Amino acid sequence: MKNHALLDSNMLMIFIYSFFTKFHLWLPIYVLYLQQVRGLSLATIGIVEGFGWVAAALAEIPAGIVADRFGRTRSLVMGALLMAPAMILYAYTGWFPILCLLQIVWSVGGSFISGADQALLYDYLHEKGKENLFSKAVSYQLAMMRIATAFAGIIGGWLATYSLGLPFIICGILSFVAGCVASFIKEPKQSGVGTNKEHEPLIHFIFSTSRKVWKRKSLRNVLLYSAILAVPAFCFTFLFVSPFLHEKGMTIEWLGIVFIFIQSTSILGSVVSYHMEKRLGGTATVILFTVMMALSIFMLPLLPELSGIICMILISFFYSIIEPVLINMTNQRISGNSRSTLLSYSSMIKTIILAVLVPFFGKLAEDVGYPILCTLISVVLIVLPLVFLRKEKDTATL
């Protein structure tokens, strides 16, 4: 199947929407803004973030249900339009309760996007008879998101020299534009949706979709695998990067360059993911590169001086290959009428596991050091496929 099969107007609008909503100009200066402009301590910033994480976890399933019941495009519009004013007002308020409220609104808006975008992508390709291209499409979508994040990181730092609040304002405007773009995306007909399902009571719908997840072992295993794997990926490509490299003697001005390299390799990983899945099959691809991630994490604290940067870049590359494959495996196990809800379960599980394990890993890094922490995580990643994917059949893309 040729690449132009992915490049119709609807697909382009989905990719443009993804680019605008991931153009995080505020990312390199977020903590600095809250510290220097709003006078918050790191502990207080953690509280603000905590409100956002809890709100996101609580909103994931209701937001998924909204997307399934009322349409994916409406959910995308709602998410972007919720985030837009929250981002803009973030640049103007310094009162702690309002900052927490804006963080909640911002996070809830993100929940309306999470799951709905990939559900829309899958259902649209399914309607066109091209669902076999979903793995390639989601790889390109993730690459587009990472390109946006990489460019935004560079431009955001430059904008911050004029005003630390300016990146938030521009992101709010871009989020509003993204909402307008989403309103023009064609809504595909969701397979399996019938009249009875559309009028099913909301509470009953929540419980029925919950049962779908926990009764179907194959789906549950893939969701849990995705959620657990996201934790070391987040830690070693974002959270631990600055403190680890600072401990190794890297100066602050070089950290931005390292983040650009990490984002660049994640873009490359997203692009080659489809080809690896096609060649090896889904399950084999996930297992192989999970083991490669484990080895990279194990070697990270053992390499001399700043050579550990190579391991961080490899971790980013390997995870970016795995992520689209797991998304494809998840979509293959769910039906159209509850796709957004079940994908929202995945996001909710990730959020909860991140909220629990990230502080725990941070504490371990401080108390016992990176060598022991990296060894423990490596062992967990080696065992992970044996626990969750041992009986999974391979899913080569034809």
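A Cβ is built for glycine as well, from the same backbone N, Cα and C atoms used for every other residue.
Features reported for this protein in TrEMBL:
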DOMAIN    6-393  domain 'Major facilitator superfamily (MFS) profile'
TRANSMEM  12-33  transmembrane segment
TRANSMEM  39-63  transmembrane segment
TRANSMEM  75-98  transmembrane segment
TRANSMEM  104-125  transmembrane segment
TRANSMEM  137-160  transmembrane segment
TRANSMEM  166-185  transmembrane segment
TRANSMEM  222-242  transmembrane segment
TRANSMEM  254-273  transmembrane segment
TRANSMEM  280-300  transmembrane segment
TRANSMEM  306-330  transmembrane segment
TRANSMEM  342-362  transmembrane segment
TRANSMEM  368-389  transmembrane segment
Checklist entry - Hey, which bits of the same chain come close to the transmembrane segment (306-330), Cβ under 8 Å, at least six residues off its ends? => result 118, 134-135, 138-139, 142, 146, 219, 222-223, 225-226, 229, 232-233, 236-237, 241, 244-245, 248-250, 258, 261-263, 265-270, 272-274, 276-277, 282-283, 285-286, 289-290, 292-293, 296-297, 299-300, 342-343, 346, 395, 397
Next on the checklist: Tell me if the transmembrane segment (75-98) touches the transmembrane segment (166-185). I count contact as 3 or more CB pairs below 8 A, with pairs 6 or more residues apart.
Outcome noted: yes
Next on the checklist: Quick check for me: are there 3+ Cβ pairs below 8 Å between the transmembrane segment (12-33) and the transmembrane segment (222-242), leaving out pairs under 6 residues apart?
Outcome noted: no
Checklist entry - Which residues, given as numbers and ranges, are at least 6 beyond the ends of the transmembrane segment (75-98) yet have a Cβ under 8 Å from it? => result 17, 20-21, 26, 37-40, 44, 48, 63, 66-67, 105-106, 108-113, 116-117, 120, 165-166, 168-169, 171-173, 175-176, 178-179, 182-183, 185, 340
